[in-house]
């Protein structure tokens, strides 16, 4: 039956809190608006301030654009479910959302790696920084990040298209993820399992290893400096990026652990981890860079003063 191959899925409710979903939606909406405002402010500040047209801030703009896209492809659909009860999501819409979530996450991981390399070159090879990391090079890295995310994660929905879904169609998250949808198929999913794990290891896993390697080299260079005050001053330029890396990878690892080993966990844990994975980086990234970067602070304050006038 062709209808079995093209089912609709049911988004997960918040277990035990179904009656309070409208209030949870208000909190989710506030977090989404904060993410939109913060990331849009970063983009606008860098766009309007010529002194910020440098690779470091171009990477920050890429990060803000990714966070805007990632939150916007999930949160509005979740809000419509919480407020209006439209729990059902079509097969095609689910696969598209799944592809966007995974590919955008891969792009963000690549940009975080590029930012780590930028910090490494700036600290360990400062005289070569301007020549190696130009605006043109940053733009090419951005395009390569997008191509990498699309090429690695486009096969995920394609591998699910021919599978039959003849049992439960209730997802364990409020949006579509590959592992979640794949578990509902009533057929052999070994190719999807193998490819999904391989793609994550070759993209997010490899990026995480290279980011750690970059910071080990940075730490070695910093420890060679004679004065502690100078060491702290140099390493403080990396604090914002380290916080952003943790805000991205900790929820990602937590969600992966929940999927791989947390089958006996309460459904509330899965729903909560999924929402944290989608929203926490988008909300925290502009706040972190706004607090730690004086140029971004001044730009945002100038925007506020202009709007007050």
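Each residue, glycine too, has its Cβ placed from N, Cα and C.
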Correct range for transmembrane segment (source TrEMBL, candidates 256-273, 274-291): 274-291
Candidate ranges 20-45, 89-116, 137-160, 193-222, 274-291 - greatest C-beta contact count to the transmembrane segment (234-254) (under 8 angstroms): 274-291
Beyond the flanks of the transmembrane segment (57-83) by 6 or more, those residues with Cβ under 8 Å of it: 11, 21-22, 24-25, 28-29, 32, 35-36, 38-40, 42-43, 46-47, 89, 97, 100-101, 104-105, 107-108, 111-112, 114-115, 118, 135, 138-139, 141-142, 145, 174-175, 244, 275, 278-279, 281-282, 285-286, 289, 295-296
Mean predicted confidence [pLDDT] for the domain 'G-protein coupled receptors family 1 profile' (38-289): 90
Listed stretch, out of 20-45, 193-222, 274-291, that has the most CB pairs under 8 angstroms to the transmembrane segment (89-116): 193-222
